[in-house]
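Visitor: The structure is given below, and queries will be raised subsequently.
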Amino acid sequence: APMENSTYDYTNYDSLGTLDPSTPVDNTVRRLRPTTIVALVIYMAVFLVGVPGNALVVWVTALEAKRTVNAIWFLNLAVADLLSCLALPILFVSIIQEGHWPFGRAACSVLPSLILLNMYASILLLATISADRFLLVFNPIWCQNTRGAGLAWLACCVAWGLALLLTIPSFLYRKVLQDDYPPKTTCGVDYGHEGVRAERAVAIVRLVVGFLLPLFTLSVCYTFLLLRTWSRNGTRSTKTLKVVVAVVVSFFIFWLPYQVMGMILALLHPSSATFRWAIRLDPLCIALAYVNCCINPIIYVVAGKGFQGQLRKSLPSLLRNVLAEESVIQGSKSFSRSTVDTVADKCQAV
């Protein structure tokens, strides 16, 4: 079996091109591939947009999180994205240095794994938010009696705990490795005696738990939600529903290439032409997955401008409007919110 002791992992940021047979084995300078250069440009854009954007969302939602369920959801999503964005400069430096990793073993285990933690945390949080939307529409009595900030924080803690458990393989298998040709220290994935079997198992679990299962369940959930919304057109606000749907769709769009490439690299033999082709495209797929870390603030701003009908709102005010709980119009009677914990907000906002 190929790569029995040290196998390629498609989250291995330091291995961009090092498995290519054309890689020089002496000390000659090798130029970065075009796909890697494009990936680096994307990383820069993600960092420049994602750090201030998510930090602003964290600031706005943290002020409302004690009393607003929606703010709790969006706060946790922003924290997950912000953690991944903050790790980008170190990963960027490693790629520029052709995979050299001078940051030590602990950083090797943690920093490249943050994108996987982000993936699992984001999809589990989105599933939790979707369940909240579903219950608000189909079980309003339960919401009136039970829904609150305490339960929302508990659900988020469970989501983060599960995400950490699912990221454990990446933490455990990542090690600092010594390359001989050319001599350098790299941060790689070593499956040891388990070899290809472990690599394939990790990739399959990642695909099923992190993509296919959520795609199916959320598709069913939002099909019912949208059908109910359309059948009662004009009876309730759909602001939050539209924002959440946009966030969910963007997640699956930007993570799809990563998941497809991961399965190709896990299942095919390294000597195959398709594998070598996948190695070249892999940096771009990883970069696209990182785009998901900066896209949510953009969605919130675009949605806020659409809902406000004006462009003069300050960003904090605009975000606060988009991410707050909603007032409800039911029939001809308007229920205005004095706080986000009113019965109308709890049981009718979609």
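For all residues, glycine too, the Cβ spot is worked out from N, Cα and C.
Residues or ranges marked as N-linked glycosylation site in Swiss-Prot: Asn5. As annotated by Swiss-Prot, sulfotyrosine applies to Tyr10, Tyr13, with the evidence given as similarity to another entry. As annotated by Swiss-Prot, phosphoserine applies to Ser314, Ser317, Ser327, Ser332, Ser334, Ser338, with the evidence given as similarity to another entry. Taken from Swiss-Prot, the feature topological domain 'Cytoplasmic' covers 64-68, 132-152, 227-242, 304-350. Taken from Swiss-Prot, the feature transmembrane segment covers 37-63, 69-92, 110-131, 153-173, 201-226, 243-265, 283-303.
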Visitor: DSSP on the topological domain 'Cytoplasmic' (64-68): how many residues come out helix, how many strand, how many coil?
Guide: 1 helix, 0 strand, 4 coil
Visitor: Can you tell which of the modified residues (Ser314, Ser317) has the fewest other C-beta atoms within 10 angstroms of its C-beta?
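Guide: Output over modified residues Ser314, Ser317: least Cβ neighbours within 10 Å is Ser314.
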Visitor: Do any residues, 6 or more residues outside the transmembrane segment (153-173), come within under 8 Å Cβ-to-Cβ of it, and if so which ones?
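Guide: For the transmembrane segment (153-173), the nonlocal Cβ contacts are 9, 11, 72-73, 76, 109-110, 112-113, 116-117, 120-121, 124-125, 127-128, 189-191, 198, 202, 205, 209-210.
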Visitor: Does the transmembrane segment (201-226) reach the transmembrane segment (110-131), going by 3 or more CB pairs under 8 Å (6 or more apart in sequence)?
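Guide: Since 3 or more Cβ pairs under 8 Å link them, the transmembrane segment (201-226) and the transmembrane segment (110-131) do come into contact.
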Visitor: Out of 37-63, 110-131, 283-303, what stretch is closest in contact terms to the transmembrane segment (69-92), meaning most Cβ pairs under 8 angstroms?
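Guide: The stretch I would name here is 37-63.
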Visitor: With H, G and I counted as helix, E and B as strand and the rest as coil, say where DSSP puts Ser317 (phosphoserine).
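Guide: Reduced to three states, the DSSP call for Ser317 (phosphoserine) is helix.
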Visitor: May I ask for the residues of the chain that lie six or more residues beyond the transmembrane segment (37-63) and have a Cβ under 8 Å from a Cβ within it?
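Guide: Hits for the transmembrane segment (37-63): 16, 71-72, 74-75, 78-79, 81-82, 84-86, 88-89, 91-92, 95-96, 283-284, 286-288, 290-291, 293-294, 296-298, 300, 315-316, 319-320, 323.
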Visitor: For the topological domain 'Cytoplasmic' (227-242), what's the model's average pLDDT?
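Guide: Taking every residue of the topological domain 'Cytoplasmic' (227-242) together, the mean pLDDT is 70.
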